[in-house]
């Protein structure tokens, strides 16, 4: 059918699609026949074989039979492929007098879409007898009527058609009349009574005859009516209609009691024989219910609403009768003019309420449209909104399929309300709309998406195991199981990272937990990837990076690297009494395993044998003289340096230093024990003797050890090795503190030469031998620093 109206540009591609679609429609219909009144469930044909389809294909492709009208009178057995009757078929009810009686149907298959046209011819059986509308007919004939005159009689009706329909009329045997069966222009057979010889009222004033209507069935059926013939006195002229037939057109929406037409008949006789009255002649019940005629004026009035869609024209026979009983016949042909009073109809044959989002060209609905009006009033345009991903495909006989134009996206729109509009081309235009709701079923086409591509989590060290340290979150735009997200830890890229023992993740909610207590000093940070997978088929997944930064806590106290805190052999620093204020005695070197401000170290002098003599620089731990030394200052000093970090709460450590004041580096010295209490000096002479004896013995042993050490040093030509002046207790020459105060500023070396004279028993230190002390500066020449010549500094 040619589609009228505006064609949207977006629909121009439909022409090609339509050509492809129509190629799936079988144009030549398959034809079957069945006798009317056949029992329901009766076999009609083996449809699958006739269509060249396998029996299993009918079920797999959802084959079904669609009829042109609203009733489904046929059914398809998908298991056997047989076409069966759903109900008894009454040809007279379905088609009336129309012959042949054909029931049109379509066979629809999906995947791919195919249409097959079918026609079922309903064959008539002789199940109706001819019936006359009245039981008796009164016929008045003038006695001067001539032989050969025809007198119309009542028509019998037979609902059967063809050979089973009305074929002829007969009348009971008599000598004055016989029946002539004639064919009307409408195809009906009319009986006319033919006069065979003159009549004589005085001889026989009345005849009673039986009119028989016979059909052509086997055996034939018949109907009868009694015909009474009255012989009338002479009335020379019968009424004659001025115009016959009359033709008139009436709008189907004309109001009741509207005048249709006025007929006029004249009788040239005088008196009562010239008086004419009008009436309906041999009118059917339908005509009697629809029209009436004024007996005096001959005006035909409308008694019942007209309906063009049911009856398009009426043939009304009018009889004009004079006072003498003569009558004339006239015909009025009333044509009903169609008006656009029927909106289009939309009949849905198949509807799919849910379709998958990834299936283009999916059939959503199959429907047909019709308009009971005619002409332009019956032409229709079917459309849907342009902004929907659906298209209408016309098939045949006003059948349409609604299919998806492209793959749908449930996440964009999970439901579509489609309004199918059918508009006729009448004036005014009438429209019918049908709303269809289509649910889009989800397909797993969206992977879970993390809210962030990377997450940074902070965990303070020494945490409790199973501590919740953070969460990751991913969402999936799908629905149902396709949107259920499961979290997991992915294998780390670093094979040495024991991820399985560090963290775990809750698979349901993405919460991350620390499995053990973390130690900043062992592991400052680590990163890993987490995965989020949905439960679709196949499952989709995504990844995100998680960085875990371990926050330091002040859980490490400062550790003193130098001087070594060895209680058995403490280090002793030598300071010449001639040292200037600010003289560097030594440097306390400490480290802290923490970081940040927890590792910022500060130094302070906690205890001193003589307060005010020495000072400690707070930032670098350098111990320097605070003033000039004097002879009154004690020779031995004990300093306790406190090293404290900047944590909260702060942690600390102490370093004990022994300082020995010497007049010159040539005099012997030994680390002396702690000063005796004041009360222990009572007997000074005894103490001096004991000390002298111990000193001589110790010096001897010490001298031997020094001699051996010097020999070894000379052989190995070791450069500078910072050592305490006491045996044992070596320490490294360069130390680094984490607070940024640097290392020991210098490296120093010295030699001690020991000579002994057995005759005198006197030890003498030789003048110390020093290498040139060099001061190096980046980018400068190396120069000798004379300031340190012939001086000894211990660090």
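From the backbone N, Cα and C atoms, a Cβ is placed for every residue, glycine too.
Quick caveat, the model's predicted, so the values are computed rather than measured.
According to Swiss-Prot, the protein has these features:
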- 137-241: domain 'Cadherin 2' (DOMAIN)
- 246-346: domain 'Cadherin 3' (DOMAIN)
- 455-560: domain 'Cadherin 5' (DOMAIN)
- 567-670: domain 'Cadherin 6' (DOMAIN)
- 183: N-linked glycosylation site (CARBOHYD)
- 417: N-linked glycosylation site (CARBOHYD)
- 435: N-linked glycosylation site (CARBOHYD)
- 566: N-linked glycosylation site (CARBOHYD)
- 1-27: signal peptide (SIGNAL)
- 28-689: topological domain 'Extracellular' (TOPO_DOM)
- 711-795: topological domain 'Cytoplasmic' (TOPO_DOM)
Spatial neighbours, same chain, of residue 435 (N-linked glycosylation site) - Cβ under 8 Å, 6+ residues apart: 417, 418, 419, 420
Residue pair residue 566 (N-linked glycosylation site), residue 183 (N-linked glycosylation site) - Cα distance, angstrom, rounded: 145
DSSP-assigned states of the domain 'Cadherin 6' (567-670) in counts, ordered helix, strand, coil: 4 helix, 46 strand, 54 coil
Segment confidence, the domain 'Cadherin 3' (246-346), expressed as mean pLDDT: 92
Close in space, distant in sequence - residue 183 (N-linked glycosylation site), Cβ under 8 Å, 6 or more apart: 189, 190
Three-state secondary structure, which DSSP defines for residue 566 (N-linked glycosylation site): coil
Residue 417 (N-linked glycosylation site): tally of other CB atoms within 10 A of its CB: 11
For the domain 'Cadherin 5' (455-560), residues assigned helix / strand / coil by DSSP: 8 helix, 48 strand, 50 coil
Count of other CB atoms lying within 10 Å of the CB belonging to residue 566 (N-linked glycosylation site): 12
